[in-house]
Amino acid sequence: RKSVLIPSLVISTIGSIGCAFSANIYLFLFFRAVQAIGIAAIPVVSATIIGDLFEGKERGEAMSLYQMLLALAPAMAPLIGGYLGSINGHLSVFLFLSTPGIILLIINISLLPETKPNIIKQSKAQKNYSLILKNKTGFSITLIGFIQFCIYFCFLVFLPSILTNSFHLTVNKIGLMFVPMSLSIMLGSFCYKFLQKRLTTKQALFITSFFNIICVVLFSFTYNINIPFIIIVTSLYGFSMGLSMPTHTTLLTEEFVQERATAIGMYNFIRYLGMGTGPLIGGFLLFNQNYFWIFFLGAIMFLLVILYTMKMLSFHSVQKLK
C-alpha cells in the first residue's frame, strides 16, 4: 500500500505547486492533470488500508470517519477556496493545497507501516476489474455510488447558482451556506456507528439511501422559498450523505477480502464518473433558472436504482442461503 501512496502524494504535490506557478492556461491544465493523477490513487489506498487494519464493527466506524472527511472536502472547498482566492487568486489556493501534501508525505514516510497482508498471489483473471462488476454486491454498490454522487455534485455545482440568481448572495456568503451541510455530513458520519449497532450493513445501506432520496425530493420543491429553508434542507441532505456513504466502502471491504484495493478502485472510478456526469446532465435539465427537474429527476433515478439493487441483493442472499 505504501509503495502506491507515497508516489501519489509526491505527484499530487508537484501538480499543486505547478498549478500555483503556471504562466499560462496550457501549463495550468497540464499540472491540473498531474495533480489529478496523484490524487486519484489516494482515496483507493486509504480505504484499502482501513480494510487491512479493521474488522467487523470497527471497520464500519473507521469507514464512517474516512467517508466523512472524503465528502467534507468538496463541500468545504467553496468556503476555503473563496477566501483564499480573494487574497491572491489561484496562487494562494494551490500553495495552500501543496502545504498539507508535503506534511502528509513526511508523516506517511516516517510513520505509516505497510499494511498489506501476506496472501497467496492471485491470477490475473481474479484481479480483473470486470469481476467486481459481475459480483452482485460490487455492481450494486458502484451503481448506487454513481447516482448518489451525480446528485451530490449537482448540489455542489448548482447551489451557488441558485443562491446567486434567486437570492443575490455574494461569493463569501455563498461559501458560508456550505458550512451547515458540511457540519451535517460530519454529524451523519459520526451517527453511523450507532446505526450499525442496530442494523446490518445492507439494511443501513437501503434505509439511509431512502432518507437521502427524500431529502433530494424535498429540496427540489423548496429550493426557491427562502434562505432558512435551504439551510434546513441542505443540512438534512448532508446528514443523509454522512449516514449513507460509510455503508458503501464497508460492504465492499467485507465482500472483497483479498481484492479490497481493486474493489475500492472500481467504486471510486465509477463514483468519479458520477461526479462529472451529474452536473453535465443537470445543465440540460435547467430551464429558465428552474432547478426543479435537476433534483426531482435525480431523486426518481436514485429510487429506481435502489429498488433494482434491493431486488438484486435480496435474490443474492436467497441464493447464498440455498
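Cβ from N, Cα, C; glycine included.
According to TrEMBL, the feature domain 'Major facilitator superfamily (MFS) profile' maps to 1-317.
Under the heading transmembrane segment, TrEMBL lists 32-54 (among others).
Long-range Cβ contacts of the transmembrane segment (66-85) within its own chain (Cβ-Cβ under 8 Å, at least 6 residues beyond either end) map to 43, 46-47, 50, 92-93, 96, 152-153, 156, 160, 171-172, 174-176, 178-179, 181-182, 185-186, 188-190, 238, 241-242, 245-246, 248-249. The transmembrane segment annotation in TrEMBL covers 66-85 (among others).
Beyond the ends of the transmembrane segment (91-112), by six or more residues, the same chain brings 2, 5-6, 9-10, 12-13, 16-17, 19-21, 35, 80-81, 84-85 to within a C-beta distance below 8 angstroms of the stretch. For 91-112 (among others), the entry in TrEMBL reads transmembrane segment.
What TrEMBL lists as transmembrane segment is 139-162 (among others). Within the chain carrying the transmembrane segment (139-162), a Cβ under 8 angstroms from the stretch's Cβ atoms is held by residues 71, 74-75, 78, 132-133, 174, 177-178, 181, 205, 209, 212, 216, 219, 223-224, 230, 234, 237, 241, 244-245, 248, 251-252, 266-267, 270-279, 281-282, 286, 291, 294-295, 298-299, 301-302, 305-306, 308-309, 312-313, all 6 or more beyond its ends.
Residues or ranges marked as transmembrane segment in TrEMBL: 174-192 (among others).
Under 8 Å from some Cβ of the transmembrane segment (204-223) lie the Cβ atoms of residues 141, 144, 148, 151, 155, 162, 166, 192, 195-196, 229-230, 233-234, 236-237, 240-241, 243-244, 247-248, 251, 291-296, 298-299, 302-303, 306, 310, all in the same chain and six or more residues away from its ends. Positions annotated as transmembrane segment by TrEMBL: 204-223 (among others).
Sequence-distant neighbours of the transmembrane segment (229-248) (same chain, 6+ residues past either end, Cβ-Cβ under 8 Å): 60, 63-64, 66-68, 70-71, 75, 141, 144-145, 148, 152, 155, 159, 162-163, 177, 180-192, 195, 201-202, 204-205, 208-209, 211-212, 214-216, 218-219, 222-223, 267. The annotation transmembrane segment is assigned in TrEMBL to 229-248 (among others).
The annotation transmembrane segment is assigned in TrEMBL to 269-287 (among others). If one looks beyond the transmembrane segment (269-287) by at least 6 residues along the same chain, the residues whose Cβ comes under 8 Å of a Cβ in the stretch are 40, 142-143, 145-154, 157-158, 293-294, 297-298.
As annotated by TrEMBL, transmembrane segment applies to 293-313 (among others).
Beyond its flanks by at least six residues, the transmembrane segment (32-54) meets 1, 4-5, 7-16, 18-19, 61-63, 66, 70, 97, 115-117, 249, 253, 260-261, 264-265, 268, 272 of its own chain at Cβ-Cβ distances under 8 Å.
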